[in-house]
Amino acid sequence: MTISPPEREAKKVKIVVDRNPVETSLEKWAKPGHFSRALSKGPTTTTWIWNLHADAHDFDSHTSDLEDISRKVFSAHFGQLGIIFIWLSGMYFHGARFSNYEAWLSDPTHIKPSAQVVWPVVGQEILNGDVGGGFQGIQITSGFFQLWRASGITSELQLYATAIGGLVMAAAMFFAGWFHYHKAAPKLEWFQNVESMMNHHLAGLLGLGSLAWAGHQIHISLPINKLLDAGVDPKEIPLPHELMLNRELMAQLYPSFAKGLAPFFTLNWGEYSDFLTFQGGLNPVTGGLWLSDEAHHHLAIAVLFLIAGHQYRTNWGIGHSMKEILEAHKGPFTGEGHKGLYEILTTSWHAQLAINLAMLGSLSIIVAHHMYAMPPYPYLATDYGTQLSLFTHHVWIGGFCIVGAGAHAAIFMVRDYDPTNNYNNLLDRVIRHRDAIISHLNWVCIFLGFHSFGLYIHNDTMSALGRPQDMFSDTAIQLQPVFAQWVQNTHFLAPQLTAPNALAATSVSWGGDVVAVGGKVAMMPIALGTSDFLVHHIHAFTIHVTVLILLKGVLYSRSSRLIPDKANLGFRFPCDGPGRGGTCQVSAWDHVFLGLFWMYNSLSIVIFHFSWKMQSDVWGSVTASGVTHITGGNFAASANTINGWLRDFLWAQSSQVIQSYGSALSAYGLMFLGAHFVWAFSLMFLFSGRGYWQELIESIVWAHNKLKVAPAIQPRALSITQGRAVGVAHYLLGGIATTWSFFLARIISVG
């Protein structure tokens, strides 16, 4: 006998908003700390201002109503988008008003991009260097010029129009943020309707977004860039609306346009292969990816996401239910599997945010690697300053997101985790064997640390003793990265083997010939050797330590053998009360604090490796006699000792920033000095004792009382947690600005 299954319930999507839930009033803006009973009384001590900053955006502490918290977060997102549009508008406005974009467009290999002109106040005009084409300004390394050319922008007037459009969008975002909190605020069930959210984000944002960009690339970017590549004067190129409306004009450049949509509806899509290509490699004129490959990519991505956006069950009884998928996800050894995770992810926005930050951060680091290996925009590859800036930027952004993932995962564990709903599921099982996980991870870190540094120490010792034949190097004892070389070769051979329709490999870095643009190397095969093998294991070591610190913070955020009731103490606390020595700096917050230092450690070595490797083995000038690299291939010979890193990278390459005074790069010299100072200032907070400062403050207050000038607000030393926060902020700010000035002064001088 067959039993028909009960009819699957289909979620009926209703319009779920509350009308006018919160009146619009500016009065709260005049009451700092209005969200907290303690803070709204005003300051009695200087601790008040620190607590105000710490809690202003901690919506959890303002109310326990999940619906109101969700609305505040939703509204704040619109505010964030508004700020982003204003920033973007400012970038386009600078391109329109203060830049040499049109001159750069006419000669991108000789003229450098500039979109900032310094006003003379007391001699600052020295910063306006000669960037070519008779323009004086600061050389920029953001990549906007290359992006604008790829988009098909041919005049500064178009940049003006786009800048105004950005401000209009910003206004729309700010309005939406106000409207969806004060006028029509979504109910909690709207925020928790994950199937509808997935469908709309996948099909709308990613699917239609990619489709719109593919359409722009096909109808506007491709024809304009084809004409620019052929040397047509930007002023002679047809305007975008002409290209969109005049099919004959397009058919001259791409003959398949003459056939209209017939091949599309008869499924003969191959007819369009003149503008939807699969060439691989780089355009030899611009050193960027083929824009026709990019259009093809975005169209294919759009199709995939439009399909994906119809996967989840909403009003109709078909498609996936997220809860069913998660609860069906059981392995033979994992107990209840993912049961209970649906409830976590629909009621804890910290848990949701932790996963999204981990994914987005990892993606940002992947983007950093793709942007130099497969430069997406024309003339990006030969602009070495921009290449270095984009790599560094995406690596650091990724690192901050990943540490943020650790932070919010721990906040979820402390504030939102309910053990009763998580019995024997994967999360519970991970927490129950956390000792095994952390001790094994700790062993891995010790192993990697001693072995990777041990190889360097061996080399430094042998080098000092004058025994080069006993060193690990490409010329003595070789430690070749054979697996990486095999991966490179496999990808290089793909067009003949696994990807027969591609005309060339995805990236020139896999192998093949040098791509040179205007006498500079755009990209060439990257040979890996012993020095790369050594520093790779330093990367493995530092990344594993960062993960160890963050994961330990998450897994022990509610309890530990040392402090069994840690969950009651909250996310951040200095110590487990008086009389319990040795329990300081164990809060989940302190793990995030320590994780930030190791993230910075880890990624400094990544960007140093990239910077030196590219200058040594890739970037340089091309003449009839061959390639001359910036540092002449010294990476393989020098980067296998710690002394080599100190002498031939840090010391040798800092000469440009140290000697920049009196030149257009002098601001980088001052920044290098100032950022070192900011970094050193952080140590005052990190190595300090709170009692020392409290004692000092009280003697200073005594002096003020004597003179009858004592303040009404009593001064207090920073708490331990506040001191560490100020310390890590200045440590990272100082370190990042030091690296920024060091990199840019160097690469703008020699690149």
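Positions of Cβ are set from backbone N, Cα and C atoms, glycine also.
On a predicted model such as this, the values are computed, not experimentally measured, just so you know.
A 10 Å cutoff on Cβ-Cβ distances gives Cys575 ([4Fe-4S] cluster binding site) a total of 17 other Cβ atoms nearby, all chains included. DSSP assigns Cys575 ([4Fe-4S] cluster binding site) to coil, not to a helix or a strand. As annotated by Swiss-Prot, [4Fe-4S] cluster binding site applies to Cys575, Cys584, with the evidence given as sequence analysis.
In this view, His676 (chlorophyll a' binding site) is surrounded by 15 other Cβ atoms within 10 Å of its Cβ, with every protein chain counted. According to Swiss-Prot, the feature chlorophyll a' binding site maps to His676.
Annotation note: Met684 (chlorophyll a binding site) sits in a helical segment as assigned by DSSP. The chlorophyll a binding site feature in Swiss-Prot is assigned to Met684, Tyr692.
Secondary structure from DSSP puts Trp693 (phylloquinone binding site) in a helix. Counting every protein chain shown, the number of other Cβ atoms lying within 10 Å of the Cβ of Trp693 (phylloquinone binding site) is 17. Taken from Swiss-Prot, the feature phylloquinone binding site covers Trp693, and the record attributes it to sequence analysis.
The transmembrane segment annotation in Swiss-Prot covers 73-96 (among others).
Summarising the annotation, Swiss-Prot assigns transmembrane segment to 159-182 (among others) and lists sequence analysis as the type of evidence.
Taking Cβ pairs closer than 8 Å, the transmembrane segment (198-222) reaches residues 150-152, 240, 243-244, 250, 253-254, 275-276, 291-292, 294-295, 298-299, 301-302, 305-306, 308-312, 314, 322 in its own chain, all 6 or more past its ends. Residues or ranges marked as transmembrane segment in Swiss-Prot: 198-222 (among others).
Among the features that Swiss-Prot reports, transmembrane segment is placed at 294-312 (among others), with the record citing sequence analysis. Listed as Cβ neighbours of the transmembrane segment (294-312) (distance under 8 Å, sequence separation of 6 or more from its ends, same chain) are residues 194-196, 198-204, 206-208, 210-211, 213-214, 217-218, 221-222, 275-278, 319-322, 376.
Feature annotation from Swiss-Prot assigns transmembrane segment to 349-372 (among others).
The transmembrane segment annotation in Swiss-Prot covers 388-414 (among others) and is backed by sequence analysis.
Sequence annotations record features per position, and here Swiss-Prot assigns transmembrane segment to 436-458 (among others) based on sequence analysis.
Listed as Cβ neighbours of the transmembrane segment (533-551) (distance under 8 Å, sequence separation of 6 or more from its ends, same chain) are residues 402-403, 405-406, 437-438, 441-442, 444-445, 448-449, 451-453, 455-456, 472, 479-481, 484, 591-592, 594-595, 598-599, 601-602, 605-606, 609, 639-640. Per Swiss-Prot, the feature transmembrane segment maps to 533-551 (among others); the stated evidence is sequence analysis.
Marked as transmembrane segment by Swiss-Prot: 591-612 (among others).
Taken from Swiss-Prot, the feature transmembrane segment covers 665-687 (among others), and the record attributes it to sequence analysis.
Here the transmembrane segment (725-745) has long-range neighbours at 141, 385, 388-389, 392, 396, 593, 596-597, 600, 604, 607, 611, 653-654, 656-657, 660, 665, 668-669, 671-672, 674-686, 718, meaning same-chain residues at least 6 beyond its ends whose C-beta is under 8 angstroms from one of its own. If you look up Swiss-Prot, you'll see 725-745 (among others) marked as transmembrane segment.
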- [ ] Report, in whole Å, the straight Cα-to-Cα distance of Cys575 ([4Fe-4S] cluster binding site) from Tyr692 (chlorophyll a binding site).
- [x] 18
Open item on the list: Cβ pairs under 8 Å only, please: of the recorded stretches 159-182, 349-372, 388-414, 436-458, 665-687, which one is richest in them relative to the transmembrane segment (591-612)?
Closed with: 388-414
Task: Neighbour tally for Tyr692 (chlorophyll a binding site), based on other Cβ positions within 10 Å of its Cβ - done: 10
Open item on the list: Please identify the stretch among 73-96, 349-372, 388-414, 436-458 with the greatest number of Cβ pairs below 8 Å relative to the transmembrane segment (159-182).
Closed with: 73-96
Task: Winner by Cβ pairs under 8 Å against the transmembrane segment (349-372), considering only 73-96, 388-414, 436-458, 665-687 - done: 388-414
- [ ] List the same-chain residues at least 6 positions away in sequence whose Cβ sits under 8 Å from the Cβ of Cys584 ([4Fe-4S] cluster binding site), in sequence order, or say none.
- [x] Pro574, Cys575, Ile720
Open item on the list: My understanding is the cutoff is Cβ-Cβ under 8 Å with a sequence separation of 6 or more in the same chain; which residues meet that for Met684 (chlorophyll a binding site)?
Closed with: Gly727
